[in-house]
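Chemist: Quick paste of what TrEMBL says about this protein:
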DOMAIN    40-131  domain 'Ig-like'
DOMAIN    136-223  domain 'Ig-like'
DOMAIN    228-318  domain 'Ig-like'
DOMAIN    323-397  domain 'Ig-like'
DOMAIN    403-490  domain 'Ig-like'
DOMAIN    495-592  domain 'Ig-like'
DOMAIN    599-698  domain 'Fibronectin type-III'
DOMAIN    703-800  domain 'Fibronectin type-III'
DOMAIN    805-898  domain 'Fibronectin type-III'
SIGNAL    1-25  signal peptide
Amino acid sequence: MSHSSCCVLLSVSLALCCRLWSVCADFPAVFGDESSGFGPVFEEQPVDTIYPEESPENKIMMSCRTRANPPASYRWRLNNTEIVIGNDDHYSLMGGNLVISVPDKSKHAGNYSCLASNEFGTLVSQKASVQFGYLDMFSTDEREAVYVKEGQGAVLLCDPPPHFPADLFFRWILNEFPEFISLDKRRFVSQTTGNLYISTVRASDSGNYSCFVSSPSIAKSVFSKFIPLVPIAERESRFSPCYILCVCVCVCVRVCVFSPIPQIRWRKLDGDLPVHRHNISMAGSLLHLYDIQYEDEGLYECEADNSKGKDRHKVHLYVEGAPEWVEKISSSERDIGGDYIMSCLASGKPKPHVHFLKNGRMHLKSDQLKINLHLAGMYQCIAENRHGTIYANAELRVFASAPSFEWNPVKPKLLGAKNGRVVIDCKPRAAPRPSISWSKGTELLHNSSRIFIWPDGSLELLNITKSDEGKYICFAENDRGRANSSGSLSVTDATKITLAPSNADVSVGKSARMECATSHDPTLDLTFIWSLDTHVIDFDRDREHYEHKMVNSTGTSSSELLISNTQLRHAGRYSCTAQTPVDNVTASAELVVRGPPGPPGGVRVEEVTTNRVRVIWSHGTDNLSPISKYTIQYRDVREQQEWREASTSPVNVEGNAEMASVINLTPWTEYEFRVIATNTLGTGPPSDPSPKITTREARPVVAPSDISGGGGTSRELTITWTPVQPQYYYGSNFGYIIAFKPHNDPEWMTVTVTDPQAQKYVHKDSKIPPSTRFEVKMKAFNSQGEGPFSVSAFIYSAQDVPAEAPTVIEARTLSATEAVVSWVPVQLQTVEGYQVRYWRESVENEASAQRALVSSRENHTRLDNMKPNSHYLIEVRAYNGAGYGPASQRHKIYTKKARNRPPKIIGTKINYSGTTINIAWEQVEPLANESTVEGYKVLYRQEGQPSGMLYTTVKQSIDLPMKKGDYLVEVRAHSEGGDGAVQILSSLMWYLGVKLPIEPLSGKL
């Protein structure tokens, strides 16, 4: 189901704020020294203020601060009406700041602006609103319960109370504060309405919900009465209602209530989603566009689908923006009597309205303000639309004075080279613009073939000689007065090149040398400047290659340029400029650098076959040495090989060639090629690689290797091999054909294996005789055909399982947990061993039987880990590589009762001579499930040693010899069920005739 566009997003400010402000804050820099004074420059302006109606602070402060010389005075306006400070007790000034005491919504709400004035003019600040914020309490009426079937969607309505401003933040409480619900794929809270959307209601959603509303502007929060949500058990339904939310400023939200939970995807129908400027979250339901641009405007669609269907919705995003300056006014000083155009141009959507203020009053409602320079003052250009307002401020000054050379007199001493040219500046400060005249001494100068007075007042002299020396005076005059300034001209000898640099021709890596010598006026300092193709050589930065030496003597100077390890980039036109404070002369020479060729260009491949291609290229630069040959290289793209030199036809590719064939390539392989040129000076860099190509397919020529096999289970022939490497597939649909037959049988059997990486094939056939010799050979195939067979290998089929069952001759118990079984071996050479299985009758099934494997060389084994006092069944069968043979007849045994508990030590006593110690214990009385005690075993061993002296006795005590060192005594009962649990006695010590106590330890198994 598809919906047409039904939602228009609100306008989106490009800068993501309500209003943008800009001011010019650099007036003094335009006019030089601040001490001369300047008009106001805002450093702090009033901003929009929301005053909480419940605020305990009974005042509002609106900021206004400027930099000005002399300091500015301040006034304020409310809704364009000036506030008279002193007539209203609510208003007072603190510096330039406006303080509103005991604010009253009916009197003090509105738009405020600050006016700052001094003798240079008046500026008006940006407008700032004062509004009174509030957030009422929710209604105390009980909320009705919401009943919804499980699997369907639900919407819990927030219905926030009256409030201002509108920027609320919504969350929902579940059961008690502060248990806020977390948002996920199923749950979403609209930050437009506050409603809670649950796409698929579950039994776990049952509870009491409260809408929690916060107003960041006034720092207040309230919450609603609880709304009970009661899920009703119900089978799944396909769709629940679909809710569409379109949320601004830069968020697109599609909230749909579905079951099962759908996958949600976003796209822009008339373009792509902005790269790196969008984010999709909340399981796809929230599309967030960052840093909105005008090009983001368009039609957006979200699509939701689950296992039961698909739904989509379209929304149109319209992007608007606050004004931005394209061109704005700036502070300026202009001469009296001239004309000047102040221009403002702003972009924005909707188109901004632009108007001007002069000294805080409306001037002209126009983008361009043409002002007569008598109108000095503070000007403001204001551009506004419904998304914001921007200001550009400027101070216009008018200058009027008689001519003055105080700040820029004529240079008192002037130099000019003989036969050269000299320009003498005359730039007095004056307004209106003065008329300029010149004299030499008392002689008034006029324009001629050698003398020219420029429109800006400068005097130019051409082809000067010694007769032009003297005092030159500039006269300036306007309607406010006149002034003059003078300077003396001296004529020096001209600078001349006496030795110009010579052309040079070198090879890469060699050195080149150029010399330059001049004659010049001995009274002047001279420097040499070397440049390459008009770029001055930096000898510090390029000292690796460039070095220069200079020699000076009276009236002559010379410079030598040395170029070391010359590279191709050093070729070009070198210029030597000899420069004095008066004149300069230049001479040039060419440096030719010859080197290896540059890379060929435009490498491409044509005429692709199975094992050869034609490579075509264009000549690169030969770097002034003819190309003698070309080398073609290739590499296998799939194998990521290094570049290799290709075999070509012709074998030697001459320097005038632009194509050659590459041969001996591998079929069905992706290659790329490059070309390298060589001349007598060396080999150049390679070309860029050609586009990748794949050679055509061909029949394979390589067969699998290392064919072997054998073994396996009965009636099987197992064949193994080493697969062909991928570079030898030579085509698609690669696989193997296996041919095999019994030795000396004329008829071959064949099978096909389609997995190119396979390494094993097992042929199963009930007619295959066991241990039969087979001849096997293999070949590869692909979509182009079959390759050659490998060399034959000989493999034996699997042997049969043993056909006979062993004969058990004895099975008897040894203890409560052990037994022994023996049998008559099977007389077959193929037997590899025997398997003995044993399990408790009527308690365990045959599948869970314990197993023991015995070599074919043995005919008996010991069974352990048996349960006491239990009936066991035992069977034996022979086995080999083909499997297990038939089982023997089952034998039944009965394990003995369990072994006994440990004896309890009741005393230790050392005899009078001190040579023995008597250990006594209580009689072990067997339990009903324990064997009758037949006697006791006593192990007497040194501590840390695994073995010692073993004593047996039927008594309840024993005398043991005293020994030097630390000893342990282990006592256990013995019965047909085996040795019982042990009682350990430690530490039994005798050292240097001193008797030490002993300590009984707990019994151990």
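Glycine residues also receive a Cβ, built from the backbone N, Cα and C atoms like all the rest.
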Chemist: Please work out which recorded stretch in 323-397, 403-490, 805-898 has the most C-beta pairs separated by under 8 angstroms from the domain 'Ig-like' (40-131)?
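Modeler: Comparing 323-397, 403-490, 805-898 against the domain 'Ig-like' (40-131), the winner is 323-397.
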Chemist: List the helix, strand and coil residue totals of the domain 'Ig-like' (495-592) as derived from DSSP.
Modeler: 3 helix, 57 strand, 38 coil
Chemist: Flag the pair the domain 'Ig-like' (323-397) / the domain 'Ig-like' (136-223) as in contact if three or more Cβ pairs fall under 8 Å (sequence separation 6 or more).
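Modeler: No; fewer than 3 Cβ pairs under 8 Å.
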Chemist: Pop the mean pLDDT for the domain 'Ig-like' (495-592) in here, whole number is fine.
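Modeler: The predicted confidence over the domain 'Ig-like' (495-592), as a mean pLDDT, is 93.
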Chemist: Let's see if you can do this one: DSSP helix, strand and coil counts over the domain 'Ig-like' (323-397), in that order.
Modeler: 0 helix, 51 strand, 24 coil
